[in-house]
Amino acid sequence: MVAFGKKLRETQIQEWQGYYINYKFLKKKVNRYAHQIEVGDVDRPSILRDFSRLLDCQIEKIVLFLLEQQGVLARRLFILGEQRDALLEQQEDGSKASELQEAYRGVGRDLLRLLFFIEMNAIGLRKILKKFDKRFGYKFMDYYVKTRADHPYSQLRQVFKHVGFGAVVGTISRNLSVLKDHQGSYVSIYDQPTLSHPDPIIDSINVAVHRLSNSTTFLHYVGKHALIMQEELPTPSEEGDDAEHRYHFMSLMLNLANTFLYMVNTYIIVPTADHYSLSLGAAATVCGVVIGSMAVAQVFSSVYFSAWSNRSYLKPLLFSSIVLLMGNTLYALAYDLNSLSILLIGRLFCGLGSARAINRRYISDCVPLKLRMQASAGFVTASALGMACGPALACLFQTDFRIYRITFNEDTLPGWFMALAWLVYLLWLWICFREPPPVPTEKTSSHGAKSGFLAIANDAVENGGTQPLLLNSKAKSDDGDEDEQEDNGDDELDKTQKPVTSIVSAYKLLTPSVKVQLLVYFMLKYAMEILLAESSVVTEYYFIWSTNTVAIFLACLGLTVLPVNIIVGSYISNIFEERQVLLASEIMVCVGILLSFQIMIPYSVPQYVGSALITFVSAEVLEGVNLSLLSRVMSSRLSRGTYNGGLLSTEAGTLARVIADGTITLSGYLGEHWLLNATLLPTLFICIASITATCFTYNSLY
């Protein structure tokens, strides 16, 4: 982050200037501590005590001013309440009611200013703590926040949890409802909760409060699972979110429906891919190529769909639906044409129609901030349901009949069903989807400087733990040098905030901890693909399972996704740190892989099902925690543009699936009796490598 101190001074509310965190003073103290340690003038425990005392004093100053301002707002609301009571008793006309409404809105606008005040101080506090940790290699932030936030007399809680604002918001909301419907009587918001937010100022306040919150609820956990980059900070005024006028509920539902159908399309063939390969004269293990060919094409489709979304959303979604319709039709016709090539071409077409990059980008660009976390959670839920429904639908296709020269059986019906589904979706999309207006290229208005500052502040929050806070990593204690450094940082602002223009540039922005997170993501996707893609071959060889049994088994695995996310998001993530859950789930994936090896003869169903459940559930936990960490440590420059963080994670996961499916097919040349162990060996190696990398970079993950 560049020139935070200067930007903080520029955006301060002038009459409150003396009550902000003294970021420049604290930064100088950190630099002075570093110099004192170098020359040996002071020991580290003394530095920790002194710096803790300085932070406590700064927070006390902020909180006491905050309480004073809350008292001012409460007094104004009390006076307005007396005027409201007089109005209701006198049954006057609506002119006085309108004046009172505007007075309540004025209180709401001042509340927004106070929220922005808290926000700036929270950013400054996080930044200086991260700077301290970066310079001295401590985990001082964890210690300081935990000891202060959990204490019964915590003042820090006032800064991070905005204590007391709910009552102010409730008073404003209730009275605006009363005055809006003033006709001699009124309906309470407590009787009709839908009246709780009747005014735009209330929506603006709720957006500000929502963004300032730092909770770990299930919704936030699942939303982060989607790796849809969230901007952390609101604007200091009541101006609306840029995505507000672009939001269309039915278009969002269509976007989520695309996500669901694509995941169904991916996994609906898994129970029957080996049988289909055999019917076309190929080995059963060719199912790896059949399943993986979709992922091969997705590696390329993700890039051009991400680039296409810079100009349109409707056109690429239409193109995606048409290509998927063609791909599934070719997949189904391959049986009667007796052509493995047509089968593979059909699956390649399905991969070329993968619009997951569009699905993520639409939520990021076109959903208002107050709904973005819910939409992100909807994206994850749609993906999980699609993953479970795909194999389950395969159970319904156990039939065999012909119409004219076209065969409908367990191998071809998944293709015909998905072709019909994409046709219906295409018509629905054409009729109901609304193309959002283009995003403005620049902010125009007096808020331009503040908007720029917010982008910088967001970058600070995301990268503070992994990148130097100043362009020059060597801090300077001289005032003139610091000011010059900040001015030079401003010249670099435009360049550092622009989206990257190539995959190489995006890779250069990845810090070591981000690379480790992507390796972990690659590993878990590889392990899951090996487990799912070879399940039909392995279970038929060892247990003589039917297609129905395999489909039910895979569907049950898929149905564990949401319960696991509920448990982790609502309970485990509130008890343990994410890095602890990350490492523990990696180890459990490794345990599941080890238990899957065929060492004892005969290979039993309990061993296979138990080890598969451990591997799959642990990988699901790992995916959620891993993507949550990624969303925090990835550069803000990767939150937009073609080569964004979502694209990088999609490419990493897709590449893992491609290699995993290729491994299955290559291992098939050793014979089916070697298939299980031959595919588990590289899985185990990659898992151990990711655990090792995580341990080596353990301190950089937070």
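Along the chain as shown, the residues are counted starting at 1.
Backbone N, Cα and C atoms are what each Cβ position is placed from, and that goes for glycine too.
Per TrEMBL, the listed range annotated as transmembrane segment is 674-699 (candidates: 518-543, 674-699). Same-chain neighbours of the transmembrane segment (581-601): 520, 523-524, 527, 531, 542, 568, 572-573, 607-608, 610-616, 618-619, 621-622, 625-626, 629, 676-677, 680, 683-684, 687-688, 690-691, 694-695, 698, 701, counting only residues six or more beyond its ends whose CB sits under 8 Å from a CB of the stretch. For the domain 'SPX' (2-146), the DSSP counts in helix, strand and coil order read 128 helix, 0 strand, 17 coil. Remote same-chain residues near the transmembrane segment (317-334) are listed as 254-255, 258, 261-262, 265, 269, 280, 305, 340, 342-343, 345-355, 358, 406, 412-416, 418-419, 422-423, 425-426, 429-430, 433 (criterion: CB distance under 8 Å, separation of at least six residues from the stretch ends). Residues of the same chain lying 6 or more positions beyond the ends of the transmembrane segment (282-305) and with a Cβ under 8 Å from any Cβ of it are 266, 269-270, 273-276, 316, 320, 340, 343-344, 347-358, 503, 529, 533-534, 536-537, 540, 642, 647, 650-651, 654-655, 657-658, 660-665, 667-669, 672, 675.
The largest share of C-beta pairs under 8 angstroms with the transmembrane segment (550-569) comes from 379-401, of the ranges 252-270, 379-401, 413-433.
Away from its own ends, the transmembrane segment (379-401) comes close to residues 222-223, 225-226, 228, 256-257, 259-272, 359-360, 363, 407-410, 413-414, 417, 547-548, 550-555, 557-559, 561-562, 565 of its chain (Cβ-Cβ under 8 Å, at least six residues beyond either end). Model confidence over the domain 'SPX' (2-146) stands at 82, taken as the mean pLDDT rounded to a whole number.
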